[in-house]
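Under the heading ubiquitin cross-link, Swiss-Prot lists Lys147. The feature SUMO2 cross-link is assigned by Swiss-Prot to Lys166. Summarising the annotation, Swiss-Prot assigns N-linked glycosylation site to Asn365, Asn381, Asn424, Asn506 and lists experimental evidence as the type of evidence. Taken from Swiss-Prot, the feature phosphoserine covers Ser103, Ser134, Ser165, Ser406, Ser408, Ser410, Ser527, Ser531. The feature topological domain 'Cytoplasmic' is assigned by Swiss-Prot to 102-184, with experimental evidence given as support. Per Swiss-Prot, the feature topological domain 'Extracellular' maps to 206-630; the stated evidence is experimental evidence. Marked as transmembrane segment by Swiss-Prot on the basis of experimental evidence: 185-205.
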Amino acid sequence: MELQPPEASIAVVSIPRQLPGSHSEAGVQGLSAGDDSELGSHCVAQTGLELLASGDPLPSASQNAEMIETGSDCVTQAGLQLLASSDPPALASKNAEVTGTMSQDTEVDMKEVELNELEPEKQPMNAASGAAMSLAGAEKNGLVKIKVAEDEAEAAAAAKFTGLSKEELLKVAGSPGWVRTRWALLLLFWLGWLGMLAGAVVIIVRAPRCRELPAQKWWHTGALYRIGDLQAFQGHGAGNLAGLKGRLDYLSSLKVKGLVLGPIHKNQKDDVAQTDLLQIDPNFGSKEDFDSLLQSAKKKSIRVILDLTPNYRGENSWFSTQVDTVATKVKDALEFWLQAGVDGFQVRDIENLKDASSFLAEWQNITKGFSEDRLLIAGTNSSDLQQILSLLESNKDLLLTSSYLSDSGSTGEHTKSLVTQYLNATGNRWCSWSLSQARLLTSFLPAQLLRLYQLMLFTLPGTPVFSYGDEIGLDAAALPGQPMEAPVMLWDESSFPDIPGAVSANMTVKGQSEDPGSLLSLFRRLSDQRSKERSLLHGDFHAFSAGPGLFSYIRHWDQNERFLVVLNFGDVGLSAGLQASDLPASASLPAKADLLLSTQPGREEGSPLELERLKLEPHEGLLLRFPYAA
């Protein structure tokens, strides 16, 4: 019979002890006859051997248990008979022997019960017939551990591939097939590499060139803010450098880049001897106050430009009879205040200074000799283009403020003519834009055009220059007893405490700061756009026709976002007929542009507007933007 063990099974082979109950009586007789306990045990074992020799079938596990129980009863009965027939001493000795023997036999019998339960699995190694079972020493299967592989996959894994040896690998690598394959792959690699290199070269060659950014100074990046009268700027009962220091946060909110301050030096009206450009008038503060103001302004990225116009309290700003003396004083003052840390200077009314061009050239050399980052501003009341150009010819980096645009009238065509003529005459020179050298916008413009001019000044190529109060539309004519050139700044409704109702909330800084549609809010937005957009910072300028009464132009720089400005100076609504034929290919107009802001309320900002159907309200200005298109 072929042995078929289960997976990972263990075959058990043992020789059990049998205590058949049918032959236990002989053991009892031996005990009752006075034999010792060893004889009784021997009889029980002998009876078991006789049972094995008889050839009877092996009892089952339950029968074995019955036999063991019957045998135990017989042994107990034999013990009782022994007690009845023996003397006490012998009884005690026999009792101890029987008790020990029974304890040992009981322990053995319990183990035999456990072994007999496994009997069906313990068959003879060679059980061809029942006769073989009669042999007392018949061989039975013992405990044999057989380890069987779990499955064929495990057997296959045992014989896994260990790879080629070095000699085998070299032999295969040198075969003709692999040699051809390696050459083919190497050729494909270099062809791919050369293709990518050629593609990169083509992209670089055909890509549009990025324009080099022009060198820019700090005054190129934003507006300048003039405070000619400290007392008027700070209001009644104030007007010193310490008070101005407290207003620097307000100037910072306007996003202005420079503060044009003063004059604040000592000046006796029309007395050159009592005019000291090196000393600060005690009414305004001390040198220490000025130094503190400089440090605080620099922390807020605001540059300080000092006005050194000598006779600012007199009739003639330059003491016409003592020009050389005054020129020497100015020269000394430039060197002194440069050392003190100022960022530039302003001199006004230079049309009253004899040989102004030569003096300006000398002062410019002193300023630039100290640092290229220092600025000189000259102011004139002239609106004549030729006179303005004569002042600019010999002074390359001079920034000039004038009344040139104050004669613009109220038509878009005339304003367009003035701007384009000025830009063409000055060429590549950096310009500045204002309506005067010191006065407010309201001195030249009606209230309905203030927003329009703010938009224009912030978007023309150059530096916009404003006076304090221009951001809120400060109008001296609307205030009782105020001078035209320096009215009191309206911070809140308490600016005129002696005249109740003289100032309304919408006229003040406080009231307009809370109104997103106010002139002040528009000023701040335009100033912010002007300082961060490349096209507005140093972009090209192209004016083009848009229809009667309109002034339109485009600002663009390289591949940056473009800005379109359309201004309606008229008193009626107009339709803009934007003619892109006037523009170069680099400044072509799209069909639509997004509205960035309008000077009039009611338009949805960010909405696309069709340029062919563009309509403007009276005195409305639009700032639109559109992306670069190759």
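Positions of Cβ are set from backbone N, Cα and C atoms, glycine also.
In the three-state DSSP scheme, Asn424 (N-linked glycosylation site) falls into the helix class. On the backbone, the CA of Asn381 (N-linked glycosylation site) and the CA of Ser165 (phosphoserine) stand 99 Å apart. Take the Cα of Lys166 (SUMO2 cross-link) and measure to each of the recorded positions Asn365, Asn506, Ser527, Ser531: the nearest one is Ser531. Of all the recorded positions listed (Ser165, Asn365, Asn381, Ser527), Ser527 sits in the most crowded Cβ setting, with the most other Cβ atoms within 10 Å.
Restricting the average to the topological domain 'Extracellular' (206-630) gives a pLDDT of 92.
Take the Cα of Ser165 (phosphoserine) and measure to each of the recorded positions Asn365, Asn424, Ser527: the nearest one is Ser527. Looking only at the recorded positions Ser406, Asn506, Ser531, the one with its C-alpha closest to Asn365 (N-linked glycosylation site) is Ser531. Look at the Cβ of each of the recorded positions Asn424, Ser531 and count the other Cβ atoms within 10 Å; the largest number goes with Ser531.
Among the recorded positions listed (Asn424, Asn506, Ser527, Ser531), Asn424 has its Cα nearest to the Cα of Ser406 (phosphoserine).
In sequence order, Gln512, Asp515, Ser518 are the residues of the chain that are 6 or more apart from Asn506 (N-linked glycosylation site) and have a CB within less than 8 Å of its CB. There are 17 other CB atoms within 10 A of the CB of Ser406 (phosphoserine), with all protein chains counted. Asn424 (N-linked glycosylation site) and Ser527 (phosphoserine) are 25 Å apart (CA-CA, integer value).
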